[in-house]
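Q: Per TrEMBL, the features are:
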- SER145: active site (ACT_SITE)
- ASP302: active site (ACT_SITE)
- HIS332: active site (ACT_SITE)
- 63-221: domain 'Alpha/beta hydrolase fold-3' (DOMAIN)
- 275-335: domain 'Alpha/beta hydrolase fold-3' (DOMAIN)
Amino acid sequence: CHLIHYLRLSHHLIVLNYVIHTFDKLKFVSSEDINITDAVFDGVEVRVFEPPAKGDERLKRSVVYIHGGGWALASARTSLYNNLCRIVAESLNAVVVSVEYRLVPEVCFPEQFHDALRATKHFLQPDVLAEYSVDPNRIAISGDSAGGNLAAAVCQQLSKDEHLTIKPKLQALIYPVLQAFDFNTPSYQQNMNMPVLPRYVMINYWIDYFNANYDLAHSLLINNHTALDVGQALSFRGRLNWTSLLPSSFKKNYKPVIQTTGKAEIIQEIPALLDVRAGPLLAENETLQLQPKTYILTCENDVLRDDGVMYAKRLQNAGVEVTLDHFDDCFHGCMIFTVWPTDFSAGIQTRNSYIKWLDENL
């Protein structure tokens, strides 16, 4: 893919997605247990997983799920996410709506956010919930990685929408990516070369999401975009101060990387770096106070670990009830790896813990 990108034969993410789908020719079929259908919610494709009615039960709980993949890869229709959503639907006896948002490079920020928001708001309409026999008081919004980013951003937007009569009861974020402000948090330093999601790969995902120039990668890596002389970043610095937001067990002996002199033109070129719709961790306390009961799953061997831990702490400080579910021996992306030949114990362990929390709280 890097060769394809270098030779400009095609966008490397198009090639990578083609490879993923070539090896994943899933022909979905509805079973007696779960009815699987594809639909369009306000112009956005979704896949809906519906368990059969049980006894005299009238209404079911529901989960809106947003898949990961760096805003650029995977699909609600791939076997990994199809399997995850089917198991969630079965385990919770819940209607699961998996959002098929458009990907980079077809669209870039903020279109993925808009797709996820439109699909979710459509589903939250009383007549649509009634169509799927969903209890309006028992709906969660959830997602993993980049999907966790979108889920958190959508949840923040919904919480501020005064015209919305039905809002999520819960949000459940799986190793979410929540900020592009500091690429030198302890987890970014500790796991910079960790397989699955090294630091440079995560930075490249951000660059692709913002349709920016790869030449800026090194400046982002050393936090030139949020140096002390970059005025636009000053108001956000306290919201992402990991020296006060992380426990000592996560901080270890790592030191903050704060440049005295940086490049303000990076923010001018990519203003989305400081947009709360891209970085929900940047949100002000007034918005965080409006968030529903929250579950955040983090993994030790993950550059994004501290994003989730800092968000949990900020939400708690804002008065939100939060469960931080941390796994010392797991890695980024592990939850979807539960199907042969990538059926890892880490995937089963994290998935079971996630479903257990939803079952107890939704």
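Including glycine, each Cβ sits where the backbone N, Cα and C put it.
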Q: May I ask for the distance between HIS332 (active site) and ASP302 (active site), taken between their Cα atoms and rounded to an integer number of Å?
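A: Distance between the two Cα atoms comes out at 5 Å.
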Q: How big is the Cα-to-Cα gap, in Å, between SER145 (active site) and ASP302 (active site)?
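A: Distance between the two Cα atoms comes out at 11 Å.
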Q: Which value does the mean pLDDT take for the domain 'Alpha/beta hydrolase fold-3' (275-335) in this predicted structure?
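A: Over the domain 'Alpha/beta hydrolase fold-3' (275-335), the predicted model scores a mean pLDDT of 97.
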Q: Could you put numbers on the helix, strand and coil content of the domain 'Alpha/beta hydrolase fold-3' (275-335), residue by residue per DSSP?
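A: Computed counts for the domain 'Alpha/beta hydrolase fold-3' (275-335) are 22 helix, 19 strand, 20 coil.
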Q: Let me check the 10 A CB neighbour count of HIS332 (active site). How many other CB atoms are there?
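A: Its Cβ has 25 other Cβ atoms within 10 Å.
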Q: List every residue in the same chain as ASP302 (active site), at least 6 positions away in sequence, whose Cβ is under 8 Å from its Cβ.
A: TYR175, SER187, ASN191, MET194, LEU197, CYS330, PHE331, HIS332
